[in-house]
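Visitor: Submitted below is the structure of interest, expressed as structure tokens.
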Amino acid sequence: MGRSESQMDITDINAPKPKKKQRWTPLEISLSVLVLLLTIIAVTMIALYATYDDGICKSSDCIKSAARLIQNMDASAEPCTDFFKYACGGWLKRNVIPETSSRYSNFDILRDELEVILKDVLQEPKTEDIVAVQKAKTLYRSCINESAIDSRGGQPLLTLLPDIYGWPVASQNWEQTYGTSWTAEKSIAQLNSKYGKKVLINFFVGTDDKNSTQHIIHFDQPRLGLPSRDYYECTGIYKEACTAYVDFMISVARLIRQEQRLPIDENQLSLEMNKVMELEKEIANATTKPEDRNDPMLLYNKMTLAKLQNNFSLEINGKPFSWSNFTNEIMSTVNINIQNEEEVVVYAPEYLTKLKPILTKYSPRDLQNLMSWRFIMDLVSSLSRNYKESRNAFRKALYGTTSETATWRRCANYVNGNMENAVGRLYVEAAFAGESKHVVEDLIAQIREVFIQTLDDLTWMDAETKKKAEEKALAIKERIGYPDDIISNENKLNNEYLELNYKEEEYFENIIQNLKFSQSKQLKKLREKVDKDEWISGAAVVNAFYSSGRNQIVFPAGILQPPFFSARQSNSLNYGGIGMVIGHEITHGFDDNGRNFNKDGDLVDWWTQQSANNFKDQSQCMVYQYGNFTWDLAGGQHLNGINTLGENIADNGGIGQAYRAYQNYVKKNGEEKLLPGLDLNHKQLFFLNFAQVWCGTYRPEYAVNSIKTDVHSPGNFRIIGTLQNSAEFADAFHCRKNSYMNPERKCRVW
């Protein structure tokens, strides 16, 4: 072998020799065959590997989804012991609540990201902007113009005060200036009709619950200066908030007196503001608790204005209160005359009865101090820095935040809240994928079908009521993404804001203009038909909605993004995300409130007595379940199972419907490829993505606030409560019976 190779090599490098035909040796033939075989094997292996499907999705979208899920979860936690920790443990380790936020969650992160988009589109000058968009950008610039706002101090507010009968504590000789012309009817009405501020009496024009095509006047109990009536106990966990509230009043009164160069008597300021607190405590105690206001049938009390006067007589400053004069003071601002035969709806008869003895105890000065304060406290954040800073301790007591929200964020939200269609146009053009609309339409159709099919499973509901429920489900109208008109009909959009004209240097006046505009628009509706095609939300919103009076579900563009939805992410994630949200909103039509409205949106009892009784029995299971959860962040308080019932019913119904819809999808289309890096099947991924939507935490101060004011359960209990009731979840994660996440007793309504 060596000799032959040497000859070949030598031949190659030495002088040529006479040619003669050479034969391959057996060894050379063997080697050649071996090389050929190895080449064939290598090519075959490469071809097989290139086409080999290991069942793992390797697209960039799958990799992103997997990375997000892995980052958020704590795989070392036991899913059957605490699924919140399992799903969100990683998120909790990585995220800290910002100093400006009272809570932080995946929802809030999406909202933060949306606000960045709004900032970018609102601050970008474009010569081709339509008039409505130009106005939105002017309003935004006026809001972020801190130098102009600071240079004006409290002067814009001082200019406004005479229009609302002043603020006695911050005035000199109030009785002589306003006392002779002051009447309770005029003072309460002025705040309402011009600025939409409802103090002492909540008067508003809204849809008639029993005739949802018409508007009607409503009388209700007012909102309070503190988050809920419980705060006015002013002891224990509420003590700091009460102290900060009174100090806030005193600080603002002091600033206004200083600005007017009036003498300051600290004792007098303290005396008057503590009197306001006493009055507001009595009003708070007169209001009905939220858990006693959950039945819309009991809330609805229709009567004539004359009967209202007869049933609920009030006396202020020794004079009888005229409900007719009060009503006409408000409605005359939009040129509508109200006769005593006008029908109105009273939502709070108990409150109006209890209000009478309270009002007789207080002077016009006391009442005006309260009314003006409640308006002023809303406007403080629109004034110069020293006014804003007077709110710091109060904000900390209620929300736990040590810093104000960044100006640009606050302003982007303010403009979006007041010009939602103009801002929605900008957001949709910048960030919304139009093809999402059709995919979500299909998801809604699937989940609606599942809801109707599952009616057959309900043993507690009779056939007659099931038939009506099916009719209502089929009649639900959906709104997805945004109203087409905000893009296609520029004239309509411009006309919507025709009356508004903003100035960059006058942010405060712009705010007042918005208050007047929105209140006037609402009052004018009294003699107009309800526009049931009107959207109940703007497009640039990370949320979803159900309207009982319209029987309408709405999914704004802002929520149609991961983790809720993407046309390019696994369908298990879409069904666990936006699918669950769709089911949640559909179920709202049949929760403890929505079930009282028929397919046309009218407050009508369409239930048989037996089915209604059974519904209450089924619901009671969830009242107990959620009411037994204690929240450490809120000082160990129990959740309110009654106030959160509607949302809990919707969560439980939504997850069940979405899961069954996903099972139908798999039967039709086959199993999806698994996600890389996760040892989880798609049933498990469905529940994991659902849970991660609610990853988040609260500051203790806001937990105390939220447990009394939010109709939603905190995120961790939305996960735990819903999945404890899901046999499908227990099956997917192989949870043994009677483990924490798989209790023997499960609650189900829908």
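Cβ coordinates come from backbone N, Cα and C, glycine included.
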Visitor: Quick one: Swiss-Prot says Cys735 makes a disulfide with which of Cys57, Cys62, Cys80?
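Guide: Candidates were Cys57, Cys62, Cys80; Swiss-Prot matches Cys735 with Cys80.
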Visitor: Starting from the Zn(2+) binding annotation in Swiss-Prot that includes His584, His588, which of Glu509, Glu528, Glu647 is the extra site residue?
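Guide: Of Glu509, Glu528, Glu647, Glu647 joins His584, His588 in the Zn(2+) site that Swiss-Prot records.
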Visitor: Suppose you had to name the range Swiss-Prot annotates as motif 'Stop-transfer sequence'; which of 16-23, 288-295 would you pick?
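Guide: It is 16-23 that Swiss-Prot describes as motif 'Stop-transfer sequence'.
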Visitor: Can you tell which of Cys621, Cys695 Swiss-Prot lists as bonded to Cys747 through a disulfide?
Guide: Cys621
Visitor: For which of Ser6, Ser322, Ser572 does Swiss-Prot record the feature phosphoserine?
Guide: Ser6
Visitor: Check the disulfide-bonded residues Cys57, Cys62, Cys80, Cys143, Cys234 for other C-beta atoms within 10 angstroms of each C-beta and report the one with the most.
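Guide: That would be Cys143, with the most Cβ atoms nearby.
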Visitor: Which whole-number value in Å describes the distance between the Cα atoms of Cys695 (disulfide bond) and Arg103 (peptide binding site)?
Guide: 11
Visitor: Between C-alpha atoms, which of these recorded positions comes nearest to Cys62 (disulfide bond): Cys88, Cys143, Asn211?
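Guide: For Cys62 (disulfide bond), the spatially nearest of the recorded positions is Cys88.
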Visitor: In Å, rounded, how far does the Cα of Cys57 (disulfide bond) sit from the Cα of Cys88 (disulfide bond)?
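Guide: If we compare the Cα positions of Cys57 (disulfide bond) and Cys88 (disulfide bond), the gap is 23 Å.
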Visitor: For Asn628 (N-linked glycosylation site), identify the closest of the recorded positions Cys143, Asn145, Asn311, Cys621, judging by Cα separation.
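Guide: Going through Cys143, Asn145, Asn311, Cys621 one by one, the Cα closest to that of Asn628 (N-linked glycosylation site) is Cys621.
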Visitor: If you count other C-beta atoms within 10 angstroms, which of the disulfide-bonded residues Cys88, Cys242, Cys411, Cys747 is the most crowded?
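Guide: Top count of Cβ atoms within 10 Å goes to Cys88.
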Visitor: Count the other Cβ atoms sitting within 10 Å of the Cβ of Asn285 (N-linked glycosylation site), across every protein chain shown.
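Guide: I get 12 for this one.
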Visitor: Around the C-beta of Asn145 (N-linked glycosylation site), how many further C-beta atoms are within 10 angstroms, looking at every protein chain?
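Guide: There are 17 such Cβ atoms around Asn145 (N-linked glycosylation site).
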